[in-house]
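Take a look at the structure set out below.
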Amino acid sequence: MKTLLLTLVVVTIVCLDLGYTLKCHNTQLPFIYKTCPEGKNLCFKATLKKFPLKFPVKRGCADNCPKNSALLKYVCCSTDKCN
């Protein structure tokens, strides 16, 4: 019984992500992403303001949401692959 309990504990530890890491898209392609470094807790997506289609021109990880510029609108989120 103790062996079974120990096995379950080990399997649980191995399967759990002990240190949560955020995953963000980092290219214009939606199926490519990277794990963000420690301290970067937001994903962002930049789109062109004047372009009718909201195609992302830049994606990545950030510690703070970048400010909008004259050309780019930034949207930030904090869940895996949300950008």
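Note: Cβ is positioned from N, Cα and C throughout, glycine not excepted.
In Swiss-Prot this protein carries:
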type	residues	note
DISULFID	CYS24-CYS43	disulfide bond
DISULFID	CYS36-CYS61	disulfide bond
DISULFID	CYS65-CYS76	disulfide bond
DISULFID	CYS77-CYS82	disulfide bond
SIGNAL	1-21	signal peptide
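The structure, with features from Swiss-Prot marked on it.
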residue : record         : Cβ within 10 Å
CYS24   : disulfide bond : 24
CYS36   : disulfide bond : 20
CYS43   : disulfide bond : 26
CYS61   : disulfide bond : 21
CYS65   : disulfide bond : 14
CYS76   : disulfide bond : 15
CYS77   : disulfide bond : 15
CYS82   : disulfide bond : 16
Disulfide-bonded residues near CYS65 (disulfide bond) (Cα-Cα within 10 Å), from CYS24, CYS36, CYS43, CYS82: CYS43
Whole-number Å value for how far CYS36 (disulfide bond) lies from CYS76 (disulfide bond) (Cα to Cα): 14
Cα-proximity to CYS36 (disulfide bond), 10 Å cut-off, over disulfide-bonded residues CYS24, CYS43, CYS77, CYS82: CYS24, CYS43
DSSP state at CYS82 (disulfide bond), helix/strand/coil: coil
Between CYS24 (disulfide bond) and CYS77 (disulfide bond), the C-alpha gap once rounded to whole angstrom: 10
